[in-house]
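In Swiss-Prot this protein carries:
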type    : residues               : note
DOMAIN  : 3-65                   : domain 'TGS'
REGION  : 248-548                : region 'Catalytic'
BINDING : Cys349, His400, His525 : Zn(2+) binding site
Amino acid sequence: MSDLVKVTLPDGSQKEAPRGTPVIDFVKGQIGAGLAKAAYFAKLDGAPVDLSRALDRDARLEIVTTRSPEALEVARHDAAHVMASVVQKLYPGTQVTIGPAIEDGFYYDFARETPFTPEDLEKIEKATNEAIKADLPFVRSEISMEAALALFEGMGERYKVEIVKDIAAKGAKTLTLYKHGDWVDFCLGPHGPSTGRIGVVKLLNVAGAYWRGDAKNAMLQRIYGTAFFDKKELDAHLAKLEEVKKRDHRRLGPQLGLFTFHEYAPGAPFWLPAGTVLYNVLEDAMRRLVLKNGYQEVKTPLLFNKRLWETSGHWGKYRENMFLVVDSESDPALALEDRCSFSLKPMNCPSHHLIYRMDKRSYRELPVRYFTTDALHRNEASGSLGGLTRVRQFEQDDAHIYLREEQVTDEVLRIFELMKVVYGAFGLGFEATFSTRPEQRIGDDALWDRAEALLRKSLDATGLKWTLNPGDGAFYGPKIDMLVTDSLGRRWQTCTIQLDYAAPERFDLTFVGEDNKEHRPVVIHRAIYGSFERFIAILTEHYAGAFPAWLAPVQARVVTVSDRFDAWAREAAAALQARGWRVEVDGSSDKLGAKIRNAQLAKIPFTLVVGEKEVEARGVSPRRHGGEDLKTMPLETFAELMAREATAPF
């Protein structure tokens, strides 16, 4: 074995180094001090490693600097370790559990009987930033599972012991530890060179979290925080968080009269008049779009016998997420679960399969596209419910497409075209992820191989960049998920395209081919909005409640200088309403300034001022939401403006 290893750099050039040279020493000696100073971690043959890792083989080397978002993610994980060490120092007896980096920050879950207070958070944050300044190195080591178990048992860390036992049960022989100062934790890494490289930490809030996400387990305290290399970047992020709070749909929804919730129906929104208008506008727009693109609308029952779910596989794989209904004719002596022969449908696909199966199908008919907005019910854990983004009752712009295998790629491209129209209308950016087979699934590996290969080919044909999300597919097939980006740069999962070879087998779905023989179709499950509830939450925050004129529950409000102009105000509103616009009149006795201010607070796209000159001109003086005044114009001219700006774009 040679004493030298070949190191291939990103530009393709190669250098040699003595075997065992730490990455950081190689960078200092053969690339430059500037890169070494900026380096945070490295990648060897694509795998992330610490800068202290030895070059023990020929490999491709990439240095990740503090200019990279990937470095910031590692720094945030570093910050989680430092914060956890501080918490245990300040509050002896606190148990540590897990503490990953997450998008825009990090968290760590602690087991402690006494709740953390806002004052505690300030104290922890100050001590964390002081610990960072100590510039302690992160030291990596590997120990046997037996030694790891003895270590954490000796420390009294029962949650860590549980995790170590689980890792050992999966066949692992060693465990990676990271230590800074006298505090140690296990994780895969990598970590930065030392605590001093982390930057500045800000702790955000404390929330409850069940151990391992299971409500049957102990409730822990989760401290959320974030970290940035530069304080200016942190300040900008905190300003963004303040804007996020202002836009929170849970705040704006009730404020704008869109929706509310009640304890008698947890997880099921009450749509108020304004919200119902918004909901219906979105639904009607999608309906128009899909019906002119070859879809047929159907409606199916909400309640089904369990035999349907046994056929589909949901009874065995998804029952814990279903609302079960007792059969009134069942034996009262049976256990409650055994008396539940029915359930509310958690998804539409099985009932659509029944419709498809009702007729003999020819290859000439395919694709057959069924669309619905039926209500669905899923028994989500109460602790996971949150506003409109996680609910128990919802509707989707749901469609199921039955087609031949060779039609799949073209159909996926058609769906992407619809998606571009919809997301483009709202100014939402988007990107794709490809999710492959999960551990819990139906269908054999051969079917999954075909399904994944075909959906991957279809995704490649769209020309979009995408990322792999292994193991996150539906239990019946792989899927493409779309992540839309809102006006604050946040990503939300919405559209899904799922490929299903299993359902045609389970439901005995067929079509007669050109050879006059029966064949199995392929099924595509797809939704573009996702759920209406979640999409409305996204749009509410995207627009900060100031919806575009075509979508706004009230498109224009007429306000008068005084009540002597009420007659023309009502006549003008009625004329606009007759053309289909959503217009109302402020008939209050408030002064004009208050009326305008109230319309602005209600985020109505157009406020139409009516006074003496408007009555004489039989017109209005429009003011856009946000304050832009338009000149006085005849009512007909404003109606033409509405036709341009308030007509649904799809």
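Easy rule for this one: first residue shown is 1, then count along the chain.
Including glycine, each Cβ sits where the backbone N, Cα and C put it.
A quick note: this is a predicted structure, and the numbers were derived from the prediction, not measured.
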Residue, out of the binding-site residues His400, His525, whose Cβ gathers the largest set of other Cβ atoms within 10 Å: His400
Cβ-based neighbourhood (8 Å from the centroid) of the Zn(2+) site, residues Cys349, His400, His525 excluded: Met347, Asn348, His352, His353, Asp398, Ala399, Ile401, Gln498, Asp500, Ala503, Val523, Ile524, Arg526
DSSP-derived helix, strand and coil totals, residue by residue, for the domain 'TGS' (3-65): 14 helix, 30 strand, 19 coil
Overall pLDDT of the domain 'TGS' (3-65), taken as the mean: 95
